[in-house]
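Here is what TrEMBL records for this protein:
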- 88-104: transmembrane segment (TRANSMEM)
- 90-525: domain 'Major facilitator superfamily (MFS) profile' (DOMAIN)
- 124-144: transmembrane segment (TRANSMEM)
- 185-205: transmembrane segment (TRANSMEM)
- 212-231: transmembrane segment (TRANSMEM)
- 243-263: transmembrane segment (TRANSMEM)
- 320-342: transmembrane segment (TRANSMEM)
- 354-378: transmembrane segment (TRANSMEM)
- 399-420: transmembrane segment (TRANSMEM)
- 426-448: transmembrane segment (TRANSMEM)
- 469-487: transmembrane segment (TRANSMEM)
- 499-520: transmembrane segment (TRANSMEM)
């Protein structure tokens, strides 16, 4: 496959293509709209790295006798030059798309009692529907990513949402529990998730300006998991369990229609093909980068497997990816454990179903506080990068700076929640203050770990962040099942308190790792073959980013290489 990883937010996969063996006639026949056809054979080989060229450079070469459009030749028509209002209109719809996806993961839990009673299964068995959805969601994100890069963001998101909505039907109409399990499994597998939505941010912003948009998408992702139980409390109280599925379908269908009508294609390689088709109608002999590549080469089984395997390989072999993904995954899993355990905690104060749903508001407030806090932090970080262009700590690890102050809220929130959940006469407000702290930490962890991995791993950031997303979903899914027994059976009379205390102890170890990566990140990156490939590419002057800044006038067009060297 060619150019298969722009869901990595900033970069294009560094797939090398060999030009060794090209004859002089072949080289002279290769035409580019960027003017390289006037170079000598020696100059061409020198400019494009002797016998190898990245995908970015393959766009210049094209095929013999054909002019291939590049970003430089028509960048004003591409996603990163959309007007600001249009970019944020797209992000607003993507906000709803991501909210809908994560809404589907949590609302199901409000139908557990009804499912258990109607089909005669235990509550633990009914929770398997929540678990299987999250586990298959973890794999679904990785499976969809390559296709959004080959076929475009819009058709893949449309197909994903359509399949998710279709698989809601057998669950809503289920005659038995097995149908629910199958429908939930296929629904989770159909979710494209952040692997595509975050990729759309990369289509419209570069590394130095994308953080605001990333923060928006991250907020929608974490908030969706909490909006589910907020709505679910009312659904469980006043409607049957099947309405938890029908509401998912109604929301999902509405979002799909809005996305279809409002959001344009943003994937650069696909847009180049669309532009080329329009220009051919006007008599120009131009082609998009994918139009000159045979389908069998683009969709090679070997390349697909390499793309799918890399996130899992990096998750296991890269200390930075493993540590930050476990921290992010553990933090996210807590939210889904809370969904299962809040009933036990607030039952002590006599909360009814609606009040129990509303008890998730503090977590949402925590998310909102964290999200808003990032806006001045991003400004500070951008200024520091401009001030210290040669300082690795400023360019990379400074993106974790705010996490040093917010990540302690995770263990503080857990231990505080543990020993305020003792029931009356202690007031329930104490537990909510500490659950808001957990929300602040969770949102901060997700935002900063994604931002740091994108920066540290460059062309392999898709795989690095893929490992992060995989850890979040898989841990959340696996821990959904043992959550309730865990909170019910540990520590005798103080089982709720001791269970949360155990989680506190685990979180302390993971929190310490954040400070270790902040201080020893440069050493860890030097030992990483993936991160070092980015560094060598920068030293050689190659860029894996877009070539032209959206704010530069055409007279100043050229490479982004100088401005993005240190990303």
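Note: Cβ is positioned from N, Cα and C throughout, glycine not excepted.
Tertiary neighbourhood of the transmembrane segment (426-448): same-chain residues 214-215, 218-219, 221-222, 226, 327-328, 331-332, 334-335, 338, 345-346, 349, 351, 359, 361-367, 369-371, 373-374, 399-400, 402-403, 406-410, 412-414, 416-417, 420, 472, selected by CB-CB distance under 8 Å and a gap of 6+ residues from either end. In this chain, the transmembrane segment (212-231) does not touch the transmembrane segment (124-144); fewer than three CB pairs sit within less than 8 A of each other, excluding pairs fewer than 6 residues apart. Same-chain residues lying 6 or more positions outside the transmembrane segment (469-487) and placing a CB less than 8 Å from one of its CB atoms are 105, 123-124, 127-128, 130-135, 137-139, 141-142, 193-195, 311-312, 315, 325-326, 328-330, 332-333, 335-337, 339-341, 344-345, 446, 495-496, 499-500. Tertiary neighbourhood of the transmembrane segment (320-342): same-chain residues 105-106, 109, 127, 130, 134, 222, 225-226, 228-229, 314, 356, 359-360, 363, 407, 410, 414, 435, 438, 441-442, 445-446, 449, 452-453, 456-457, 464, 467-468, 470-480, 483-484, 486-487, 496, 499, 503, 506-507, 510-511, 513-514, 516-517, 521, 524-525, 528, 531, selected by CB-CB distance under 8 Å and a gap of 6+ residues from either end. The stretch in closest packing with the transmembrane segment (499-520), judged by the count of Cβ pairs under 8 Å and taken from 185-205, 243-263, 354-378, 399-420, is 399-420. The stretches the transmembrane segment (354-378) and the transmembrane segment (185-205) are not in mutual contact, being linked by fewer than three Cβ pairs under 8 Å (pairs 6 or more apart in sequence).
Summarised as a single figure, the pLDDT of the domain 'Major facilitator superfamily (MFS) profile' (90-525) averages 83.
Note on the transmembrane segment (212-231): residues 9, 87, 91, 94-96, 98-110, 194, 197-198, 201, 204-205, 247, 332, 335-336, 339, 342, 356-358, 360-361, 363-364, 367-368, 371, 374-375, 378, 439, 442-443, 446-447, 450-451 of its chain, located 6 or more positions outside it, place their CB under 8 angstroms from a CB of the stretch.
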